[in-house]
Amino acid sequence: MGEHPSPGPAVAACAEAERIEELEPEAEEQLPAAPEDHWKVLFDQFDPGNTGYISTGKFRTLLESHSSKLDPHKREVLLALADSHADGQICYHDFISLMSNKRSNSFRQAILQGNRRLSSKALLEEKGLSLSQRLIRHVAYETLPREIDRKWYYDSYTCCPPPWFMITVTLLEVAFFLYNGVSLGQFVLQVTHPRYLKNSLVYHPQLRAQAWRYLTYIFMHAGIEHLGLNVVLQLLVGVPLEMVHGATRIGLVYVAGVVAGSLAVSVADMTAPVVGSSGGVYALVSAHLANIVMNWSGMKCQFKLLRMAVALICMSMEFGRAVWLRFHPSAYPPCPHPSFVAHLGGVAVGITLGVVVLRNYEQRLQDQSLWWIFVAMYTVFVLFAVFWNIFAYTLLDLKLPPPP
């Protein structure tokens, strides 16, 4: 999968910047190094009085006179922005947000208002696309509820960098599982092997002071049946989400789900160990499903009701397996089998932090009040769990299983 071939819509947002620069050659020699200063030079050409605003009429004239040199979908966004300003002016802030490809809340409102005036056909109706273009379009319709966002993503995506985070995590999980399987001589229900908990990656309540275990437990799975479902969900859901929202945001949701899962176990199921990446997987999948439900009419993915039902059935079966295993007679008494509570921790992260991330494609999260509310809630939970792990085990005089 690579860049879109020509002819066709250009894929890189920065390519549009280069084209606009070419439209005004007299500004070329004055352009400073900083991106925002670069756009200020262009803006000042249309704002000689330094009012901080430019006429939407002049803006439209510029776009329409050079329409053949601009990406069709990006041009629609620009025109929508111009049309949405009833006062006939575009402020410097919106101009910079657009040209730097970082859309603010005010810019989002502007293009959504202008979106009513867009008359071109939907992205889904375009013909003659290459295989890579069809794949990118498919990902856009799988994850984004607004046509304007789908077009923006379609033109901006370059596959550079690729969705490396989910692929790397998945490969590491498979590699550790295979190594562990060879070491134990067991691949199905590995967790029942007497030496399973001796691995230094597993979270164990007696070793909770070893902080890395709250994260590294994702590389240990109960068996091939456990690993298989997690890998499938990570690749089918996690990779498309990372292609759209980037490794930083999706990695944040995934890791937050993983940490919340192990901390939830340390609070709610204090004597049990934890293994598997279900906390992170359930965070991503629950966020994606919640986003589909909240934007049901806008999501255009095919067979969405059937696919949601299949995803919920798979998640329920995996959760049921985890509950059964937790209460099945242990292979290493008095320590029980791994807990299922990490799944619930992941779901809690997904329907809070995860939903905010998925609902704000290309928007600055720091501008979202809900983001800060959920970050504060997550921080309070983490601090509570840390203090619980330090003091509660002693105060409750809980009898923990011996170290493995």
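Using N, Cα and C of the backbone, Cβ positions are placed for all residues, glycine too.
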Inset, instruction - Could you check which of 219-238, 339-358 is flagged in TrEMBL as transmembrane segment? - result: 339-358
Inset, instruction - Compare 250-268, 339-358, 370-396 by their Cβ pairs under 8 Å to the transmembrane segment (274-293) and return the stretch that comes out on top. - result: 339-358
Legend entry - Rounded Cα-Cα span from Ser278 (active site, nucleophile) to His343 (active site), Å: 6
Legend entry - Cβ neighbour count (within 10 Å, all chains shown) around His343 (active site): 25
Legend entry - Distal contacts, the transmembrane segment (370-396) - CB-CB under 8 A, six or more residues away: 205, 208, 256, 259-260, 263-264, 266-267, 270, 349, 352-353, 356, 360
Inset, instruction - Enumerate same-chain residues with a sequence separation of six or more from Ser278 (active site, nucleophile) and a Cβ-Cβ distance below 8 A; give 'none' if the list is empty. - result: His226, Asn230, Gly261, Glu318, Ala322, Ala342, His343, Gly346
